[in-house]
Amino acid sequence: MSSVVVVGTQWGDEGKGKITDFLSENAEAIARYQGGNNAGHTIKFDGVTYKLHLIPSGIFYKEKISVIGNGMVVDPKALVEELKYLHDKGVDTSNLRISNRAHIILPYHIRIDEADEERKGANKIGTTKKGIGPAYMDKAARVGIRIIDLLDKETFKEKLEHNLGEKNRLLERFYELEGFKLEDILEEYYDYGQQFKEYVCDTSVVLNDALDDGKRVLFEGAQGVMLDIDQGTYPFVTSSNPIAGGVTIGSGVGPSKINHVVGVAKAYTTRVGDGPFPTELFDTIGDTIREVGHEYGTTTGRPRRVGWFDSVVVRHARRVSGLTDLSLTLLDVLTGIETLKICVAYKLDGKTITEFPASLKDLARCEPVYEELPGWTEDITGVTSLDDLPVNCRHYMERIAQLTGVQVSMFSVGPDRAQTHVIKSVWRLA
């Protein structure tokens, strides 16, 4: 038995999809455990670029099981559209398994999400407006509708009718928006469920059986540790737990069955949406990194905020997710920058702190303490091993490992699979 969790160590968009796709080659089952279609994964497979939001990266390997876990919130319409997108490109999806316990996103979740973000004005969180938060709210309030409910028309109608009474009052009286009629949703969404019911099962059984049979299972996180609802920059976070601990809740696999946790980190830092970002750059270097790194959101298309690598953030990720390995991505983007900076600590009211603070007021007053390292000018996109990297690039990676306390086991120097390189296998048994 061998299992690996892939988590983002920053604010998402670290290249998890690419690393998951790379590691999928040696996995026999790949599972997502939280989030929904608010997360975007860009994957290159056989020379074709795919953009996925719900379906795990492992879908391209038809001999491997690809799982949408119970911790996810699934927009049935978006799922049907994504399946069609893959089918139109000739991708076989018969290896997909969808948890019957996953909750669904309905049109009223999306409308409430949009209205609430608009209402907050300057205090907006930066949600993708996909209905994720309201769906998780219903789940916590025990009024959510699960996929197993969607497949039974009588149950779906009963639960939907009950929820619409409350949601319409909220939309009409508080947000002053039009509500929904039962018939607006019932037939359309029941039909969506019928289109993917062949994939629906108890995915906890599927995953545990695979592990008990000695198979390799890969768990694919969405977003990143700093967007975790408990450990991130609350309230500028997502509504679920992207940290490694979310795997056990969101997949139905116990913690004793997790072997390694791979933290994916960009060689710099980015963030989409509002919220604190201590190392953010507002100069030409930031603009250069954004353009060279194509730093625009997969889901929203919004320009990402860009900053220097922050070891305080990744140390926090190491601690709360129990990172065993680090995968450093987009090293090639930094080529040509004369002097690189790594944030080693923060200054808060004249005092040096080395751990990420919980208070947003404290964060707003934090000034990054930088260590400067010489950059490199050599093209590294064609290297095939660690030894091929320029000495300054290797020193940069070594310093990141020292400052974060996590070994760099993989690094990436471009978007293609062949540009991801292994220093130490994360599939090791010890």
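Heads up, the Cβ atoms here are built off N, Cα and C, so glycines get one too.
Over in Swiss-Prot, the protein carries these features:
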ACT_SITE  Asp13  active site, proton acceptor
ACT_SITE  His41  active site, proton donor
BINDING   12-18, 40-42, Arg304, 330-332, 412-414  GTP binding site
BINDING   Asp13, Gly40  Mg(2+) binding site
BINDING   Asp13, Glu14, Gly15, Lys16, Asn38, Ala39, Gly40, His41, Thr128, Arg142, Gln223, Thr238, Arg302  IMP binding site
BINDING   Thr298, Thr299, Thr300, Gly301, Arg302, Pro303, Arg304  substrate binding site
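The CA atom of His41 (active site, proton donor) is located 12 Å away from the CA atom of Thr300 (substrate binding site).
Between the listed binding-site residues, namely Gly15, Gly40, Pro303, the fewest other CB atoms within 10 angstroms of a CB are found at Pro303. Each of the binding-site residues Gly12, Gly301 was scored by the number of other CB atoms within 10 Å of its CB, and the largest score is that of Gly12. Using a 10 Å Cα-Cα cut-off from Gly40 (Mg(2+) binding site), the recorded positions that qualify among Asp13, Gln223, Thr300, Val413 are Asp13, Gln223, Thr300. When the Cα atoms are compared, Thr128 (IMP binding site) and Gly12 (GTP binding site) turn out to be 13 Å apart. In the three-state DSSP assignment, the secondary structure recorded for Pro303 (substrate binding site) is strand. Spacing of Asp13 (active site, proton acceptor) relative to Gln223 (IMP binding site) is 7 Å (Cα to Cα, whole number).
With the fewest other C-beta atoms within 10 Å around its C-beta, Arg302 stands out among the recorded positions Lys18, His41, Arg302, Arg304.
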